[in-house]
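Everything below concerns the one structure shown next.
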Amino acid sequence: SFIILPSGGVCSALSKSSRTNKQAARLMEYRETSALPGSATHNENEMLQHPDQPPNPKVLKVAIIGAPNAGKSTLSNQLLGRKVFAVSKKVHTTRSRALGVLTEDDTQIILLDTPGLTTLTKVRRHQLEKSLLVDPWNTVKEADLMVVVVDVADRWACNTLDFEVLKCLAQHPHIPAVLVLNKVDCVAAKDRLLDITAVLTCGVVNGHRVRVRPVIKPPWAEKMPDKHSELSHDEDSAGSEGGTEPNSVLSNEQLKALRGQQGWPHFKDVFMLSSVDREDVDTLKTYFLTRAKPGPWQYHSEVLTDQSPEEVCTSTIREKLLEYLPQEVPYSMNQSIEFWLEGENSELNIAVKLYAKKETHMRMVIGTAGQTVARIAREAGEDLSRLFLRDVRLKLSVKLRR
């Protein structure tokens with residue numbers, strides 16, 4: 001069930017419990033039909049003001065980072081058990097930091113799904129928001145654990161850690177980090193995973209030089225791991241790309257040393273998994289639960305994300321645009337929600353206007369006889385219906401941005 005929790009801006013929560021549509025409808029609070037998207041028309045919801053606390057609550061904030069298109073959002077969705085974050089085969093689908101909440105028993109795991117770490121040059125090339133240069137770095141600062149996701153199906157990308165990822169690790173050596181080799185189901189020669197692991201960890205895991213054993217799941221999967229030790233700061237392995245990263249705090253000497261590295265020698269653990277495999281993902285989830293520390297919950301146990309319904313809607317549409325439009329067209333598109341109304345039978349009627357930068361782009365979005373925009377509206381509406389647990393009638397129109 002979807003619950004809108006407006007407060008100045010609009011906060012939202014997705015209920016994880018499986019209820020019937022009738023029960024879900026009683027939990028839903030939609031803004032007045034006269035209200036504009038994003039306006040505050042209700043009081044702050046008690047679920048955000050006063051999270052329910054078990055007797056001995058535990059919490060862990062996990063920042064999921066990596067190069068663009070490594071599978072971060074897919075992994076986050078699988079951990080949450082619901083498709084909350086947009087996913088596509090193109091890079092930079094995630095455009096801003098989004099939060100997901102996984103609550104089990106007395107433990108709350110806060111997943112910080114970040115945009116792929118990128119450079120100023122790539123932001124300009126793809127005409128992306130400048131916030132992509134800042135959001136991932138700011139998100140990591142509040143994390144208790146970093147998860148570095150690497151796409152091992154990309155033969156070029158898996159031979160070395162992305163330099164932006166290395167910079168992030170080097171600038172936060174006090175935050176424990178684990179390596180996740182994703183998409184192992186796409187690698188035919190499993191022995192190759194051992195070579196990749198050796199390179200990306202510099203042959204060192206948790207402070208010890210190790211011989212990686214040929215197993216997909218780590219040997220501690222069914223037991224509580226030892227209490228982690230603090231990461232040591234290796235001044236010679238830190239680095240940053242001077243001039244392109246606004247949060248850079250590393251010297252040119254550190255940069256030079258970092259550029260000579262292929263991996264990071266301070267990972268606490270290594271996972272080899274497929275983010276679409278439920279059993280593999282459960283292994284990682286178990287690890288998070290065992291690493292959680294005593295502390296108060298920040299969100300009610302019913303909350304699944306901090307995204308507003310409008311943000312979920314626009315990101316879902318963006319996912320379809322990326323899937324069906326070529327090259328740079330989706331990255332230059334803007335969206336505006338025209339209305340968001342609840343019908344007589346509890347269905348949602350949503351109208352969104354898409355703004356194209358060029359007339360040729362507008363024609364591509366519309367497609368022959370309007371088939372492309374109709375398909376995008378239909379598929380996005382179906383995804384939103386499954387997420388909101390009610391019928392969603394989504395109407396898309398396209399206009400040239402002048």
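Yeah, the Cβs are placed from backbone N, Cα and C, and that goes for glycine too.
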Annotated range (TrEMBL: region 'G3') out of 41-44, 105-108, 113-116: 113-116
Residue counts (helix, strand, coil, in that order) that DSSP gives for the region 'G4' (182-185): 2 helix, 1 strand, 1 coil
Mean predicted confidence [pLDDT] for the domain 'KH type-2' (321-402): 90
